[in-house]
Amino acid sequence: MELQNFILVLDILGTVAFAVSGVLVAMEKRLDLFGVLIIASVTAIGGGTLRDLLIGTVPVSWMLQPEYLLTIIITVVVAILLQGRLASLRRSLFLFDTLGIGLYTIVGIERGLAAGLSPGICIILGTMTASFGGVLRDTLCNEIPVIFRKEIYATACIAGGALYFLLEALGVPGFWTYLGGILAVVLIRLVAVKFRIALPNIYRGRE
Amino acid sequence: MELQNFILVLDILGTVAFAVSGVLVAMEKRLDLFGVLIIASVTAIGGGTLRDLLIGTVPVSWMLQPEYLLTIIITVVVAILLQGRLASLRRSLFLFDTLGIGLYTIVGIERGLAAGLSPGICIILGTMTASFGGVLRDTLCNEIPVIFRKEIYATACIAGGALYFLLEALGVPGFWTYLGGILAVVLIRLVAVKFRIALPNIYRGRE
Amino acid sequence: MELQNFILVLDILGTVAFAVSGVLVAMEKRLDLFGVLIIASVTAIGGGTLRDLLIGTVPVSWMLQPEYLLTIIITVVVAILLQGRLASLRRSLFLFDTLGIGLYTIVGIERGLAAGLSPGICIILGTMTASFGGVLRDTLCNEIPVIFRKEIYATACIAGGALYFLLEALGVPGFWTYLGGILAVVLIRLVAVKFRIALPNIYRGRE
């Protein structure tokens, strides 16, 4: 499989996973069909939209590539039909979600480089691309964003982004730089979740 | 009355109605004068601002056309003075609000077309223009947006937008295309509210 | 000290104060390290980011000037280390915060003028630059923004902005126009807080 196709498959899987995570939160809040669709869309494309706005890529990406919205609509319909059984898919969804985060991080970095930004800012842009959709989802559903509270999520994005620039500085070819960055994000998150590794506690005294 | 004047009147009425809906929510939360003014402004111009940002029309519209902000300021002052009697105006306000939604939908579509976007994306842009102000109002007031929960609001925008493109494809002249789209949004919403038509329930089992 | 250096010092102090106010709110919500960092950043650069997006200055300022993010990161680390003693610094922080608001207001106005906007819109832009960071901080932490409820905050920004344009119209040289605007914001806020001056109550009947 060529790199372009590989990326496309990951991108679609990531969009599906983000959309489903939006559907799950929205249904917990008993939103109606339109509300569920909006929360799913915002979760899946919110990060990329913020990125595009901040660097000035307008009209934003999803307006020019309808396949994202189509993927989201189909995902929402299927997720609503399968609602009773979504719980049993939780493991696969977690994997898609993690792949999506890895991919979105690296995509965000590449867009930042294309806009002439420095590596540090590009890593922030990649982390935003991967995480802002979930922040919007939780804010619109009137919750404090979950990634501000417990997931070692952004840390994985930052580490993967740093590896990307390290590999590039070492002269590794584009394909492997890309793949290395994504895999680092995925592995760090999987290991952190499996061994319940969290960010160090910053609060003094009894918890 | 010419089309331009007709649109201007609708636009002012829509701005007034949206601003008042912001005042009502903000006063329920006991915000101070500044808070009420901000929520009214965000409700009235939030949708158009998001639209302008996403397609890259900057500075955004209200920065170049001060009549919107003037309308909002006057509306807020009058609404605060009349606060005891706003309830008795509820029916007129609902009508203005519905006219505003119809107009904002079609304005959003025309801006999308001017930016070279496809019909499907233009309809989404029109729906956003009409509904995002209310979403921002509710989010800033710490509520889950009401249109995610019960109003058949976006559905009316989407149907009106679809009619607009249908009329255009049939070769109907610009004025009637415009008017047909607005009227479709208005009628669908009025009928839906009168007969309590809602989106189909997506939840299985007991409610 | 030259104007440029003076502004730079104020800017850094303002960024520190805004970042600390973000840390305080985020730690009250028991966010993790990443959450605290995000809320601090959003508080410090949210207003400028919104301003840049609305007038079309992209990539937004903080992407091109890494000193803001560095200041924020150092501030967050120091604030977490000193957490028990932050309360005793409350007075200094309030002063920095007020200086920051004054400065951000005038910076926002100057960016608006550079974009060719009218004085009224520039004052709004300055007020946004100074206050939107706090709005975002509170919204993300699931609170109704504090400036919508009690602080005579925006009023100080608007008055300082008006003085700026008045001085300019009187032919006062740039340096004094700049300084006059900042000082007006600072003094109005200090006096309002000291004498508990608030906006007039807009609610009828018993409170």
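Cβ coordinates are placed from backbone N, Cα and C, and glycine is handled just like the others.
It should be emphasised that the depicted structure is a prediction, and the values quoted were computed from it without experimental measurement.
The transmembrane segment annotation in TrEMBL covers A:6-26, A:33-50, A:62-81, A:93-109, A:115-140, A:152-172, A:178-199. The domain 'Glycine transporter' annotation in TrEMBL covers A:9-83, A:95-168.
Remote same-chain partners of the transmembrane segment (A:33-50), defined as residues 6 or more beyond its termini with a Cβ less than 8 Å from a stretch Cβ, comprise 15, 18-23, 25-27, 60-62, 68-69, 71-73, 75-76, 79-80, 104, 107-108, 128-137, 140-141. Remark: the transmembrane segment (A:6-26) contacts the transmembrane segment (A:115-140), by the rule of 3 or more CB pairs under 8 A. Outside the transmembrane segment (A:115-140) by six or more residues, the chain places 18, 21-22, 25-26, 38-39, 42-48, 50-51, 54-57, 100-102, 104-109, 146-148, 153-154, 157-158, 160-162, 165, 185 with a CB less than 8 A from a CB of the stretch.
Residues 3, 7, 10, 94, 98-99, 101-103, 105-106, 109, 130, 150, 152-153, 155-157, 159-161, 163-164, 167, 172 of the same chain lie 6 or more positions beyond the ends of the transmembrane segment (A:178-199) yet place their CB under 8 Å from a CB of it. For the transmembrane segment (A:152-172), the list of distant contacts is 101-102, 105-106, 109, 119, 122-123, 126-127, 130-131, 178, 180-186, 188-189, 192-193, 197-199: same-chain residues at least six beyond its ends, Cβ to Cβ under 8 Å.
Counting same-chain residues at least six beyond the ends of the transmembrane segment (A:93-109), those with a Cβ under 8 angstroms from any Cβ of the stretch are 7, 10-11, 13-18, 20-21, 47-48, 51, 86, 122-123, 125-131, 153, 156-157, 160-161, 164, 178, 181-186, 189-190, 193. For the domain 'Glycine transporter' (A:9-83), DSSP puts the residue distribution at 63 helix, 0 strand, 12 coil.
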